[in-house]
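Visitor: What follows is a structure written as structure tokens; I'll ask about it next.
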């Protein structure tokens with residue numbers, strides 16, 4: 001849970017700096033910082049994926065998982081849902097504070113990085129992704145705080161609650177999972193992290209949310225490999 005506190009604090013400090021220095025971070029500098037962090041995300045993804053002992057399980061899980069995600073259009077549903085929320089709070093006489101809170105929460109706290117990072121933290125006590133997300137949110141907090149105002153503080157509350165709940169849930173189910181299954185879940189998650197990194201570098205346009213069903217496919221893929229004697 002310490003990583004969740006760090007992420008929350010990073011948003012709070014970043015937003016405060018954005019409010020104090022309204023000009024925020026110059027675009028040239030923020031772009032370089034984001035690209036550097038994106039490279040780090042790519043390396044984190046590669047390091048996790050190469051630990052995979054049976055690449056067939058990862059391939060099968062991710063391919064079937066992304067097919068399910070595409071059929072269900074998870075990415076589209078989430079985007080449309082968040083657009084409706086933003087439209088609702090930005091129309092009429094709603095305050096700019098509320099709009100800033102909603103938009104900043106969607107930007108920093110709704111996405112595959114939060115989900116994969118929280119699962120890694122809870123299942124394997126690997127906090128690398130959450131700490132990386134903290135740095136990204138710190139920079140984003142400065143930029144959003146400078147442009148949107150104090151409403152950005154609200155995203156810190158959502159981040160703490162949502163990430164904390166996911167980490168605790170993962171920690172709760174971890175004892176019921178064997179080491180092989182946790183390893184395979186981590187490998188699939190690492191491939192998603194790699195996709196996030198390449199997206200951040202504008203090299204790809206993966207809909208990483210649509211890859212999340214791979215986590216549900218992993219146990220079945222692992223069992224199939226065991227039956228076929230390929231595990």
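For all residues, glycine too, the Cβ spot is worked out from N, Cα and C.
All annotation found in TrEMBL is predicted automatically rather than curated by experts.
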Visitor: With TrEMBL as the source, identify the stretch among 55-72, 73-90 annotated transmembrane segment.
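Guide: Checking TrEMBL against the ranges 55-72, 73-90, the transmembrane segment one is 55-72.
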Visitor: Using a Cβ distance cut-off of under 8 Å, indicate which of 28-48, 181-201, 208-230 has the most pairs with the transmembrane segment (135-161).
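Guide: Per the Cβ under 8 Å count, 28-48.
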Visitor: So which of 28-48, 55-72, 100-123, 181-201 has the most C-beta pairs under 8 Å when paired with the transmembrane segment (208-230)?
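Guide: If we count Cβ pairs closer than 8 Å to the transmembrane segment (208-230), 55-72 scores highest.
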Visitor: What stretch of 55-72, 100-123, 181-201 shows the most Cβ pairs under 8 Å to the transmembrane segment (28-48)?
Guide: 181-201
